[in-house]
Amino acid sequence: MSSVRIECVAQEGCRIGESPVWDEKEGALLYVDITGRKVCRWSPVTGQVQAISVDAPVSSVALRKSGDYVITLGTRFAALKWKEELVTTIAQVDQGKANTRFNDGKVDPAGRYFAGTMAEEIRPAVLERHQGSLYTLFPDFSVVKHFDQVDISNGLDWSLDHRTFFYIDSLSYSVDAFDYDLQTGKIGNRRSIYKLEKEESIPDGMCIDTEGKLWVACYDGGRVIRLDPETGKRLQTVKLPIDKTTSCCFGGKDYSEMYVTSASDGMDKEWLSRQPQAGGIFKITGLGVKGVPPYSFAG
């Protein structure tokens with residue numbers, strides 16, 4: 001695949017860049033900086049990044065059918081009005097747990113917002129285990145908890161026929177699948193479809209392409225890998241010039257470009273001098289596949 005090209009399009013240097021989402025209406029890439037407490041929007045036309053600061057770690061952003069965005073902020077699902085820079089709480093989870101926060105989140109094909117929690121990290125990927133849970137925010141603003149005992153709730157997506165939900169709990173080093181009921185949003189029959197190899201390190205954010213294959217960003221692995229969920233085989237590895245790749249999505253006019261977020265938290269001066277683009281946003285072209293446009297929260 002010699003045609004694959006990687007470029008750093010935004011060098012703002014996120015502390016923990018995450019949750020890239022293509023906003024077709026704006027022709028821009030949304031993403032968050034979790035510990036930097038910012039929701040960002042990068043325009044390929046201007047090359048500029050606009051950022052809105054928030055009052056807690058912000059771990060995911062998603063489109064909203066009625067306009068603007070929804071985010072996971074601390075232990076809250078919240079609405080974000082971009083122009084007004086206004087954040088309003090929709091629902092609160094993990095009450096009674098002082099040390100947790102949301103992590104990755106994504107909207108399902110029916111417009112429900114799935115997102116999970118984790119313990120606050122002592123340092124990157126080091127934390128009190130089994131403190132997290134997986135939740136869904138329904139369009140009527142009710143919240144359902146699917147399960148707990150999660151270490152680092154991470155990558156999520158749905159199969160093209162919407163009958164399988166894919167999910168990553170990072171410290172299990174596994175990409176898992178569940179049976180999915182699109183009518184109710186219920187999940188069941190959990191199984192592992194891929195175990196990461198040592199050099200791939202920690203599975204983080206994930207997305208699906210139009211061929212039904214999964215792309216997983218490998219934190220500390222400096223790569224995204226393409227997996228076949230049917231066979232459990234790795235089909236492709238794309239290495240990036242930074243170690244802390246965090247998540248990926250498809251975007252651009254025809255969803256043929258891949259965008260990869262990255263982190264710089266936990267890197268010392270020497271490491272950062274070797275990887276000056278750490279925390280940047282990367283665009284990968286020439287993969288030969290396209291992605292699925294993101295779904296919007298229906299509430």
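Using N, Cα and C of the backbone, Cβ positions are placed for all residues, glycine too.
For D204 (active site, proton donor/acceptor), the same-chain residues 6+ apart in sequence whose C-beta sits under 8 angstroms from its C-beta are D104, N154, G155, I168, S170, V216, A217, C218, Y219, T245, T246, S247. Look at TrEMBL and you will find D204 tagged as active site, proton donor/acceptor.
The annotation divalent metal cation binding site is assigned in TrEMBL to E18, N154, D204.
Long-range Cβ neighbours of R101 (substrate binding site) (same chain, at least 6 residues apart, Cβ-Cβ under 8 Å): A56, P57, S59, G74, T75, T117, M118, E120. Residues annotated as substrate binding site in TrEMBL: R101, N103, E121.
Sequence annotations record features per position, and here TrEMBL assigns domain 'SMP-30/Gluconolactonase/LRE-like region' to 16-264.
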Write out, in the order they occur in the sequence, the residues of the chain not among R101, N103, E121 that have a C-beta within 8 Å of the mean position of the C-beta atoms of the recorded substrate site.
I34, P57, S59, T100, F102, T117, M118, A119, E120, L127, I152
Neighbours of the divalent metal cation site E18, N154, D204: Cβ within 8 Å of the Cβ centroid, same chain, sequence order.
S19, N103, D104, I152, G155, I168, S170, G205, A217, Y219, T246, S247
Drop a 10 Å sphere on every Cβ of the binding-site residues E18, E121 and tell me which sphere holds the fewest other Cβ atoms.
E121
About how far apart, in whole Å, are the alpha carbons (Cα) of N103 (substrate binding site) and E18 (divalent metal cation binding site)?
9
Whole-number Å distance between the CA of E18 (divalent metal cation binding site) and the CA of E121 (substrate binding site)?
16
Cβ-based isolation winner (fewest other Cβ atoms within 10 Å) among the binding-site residues N103, N154:
N103
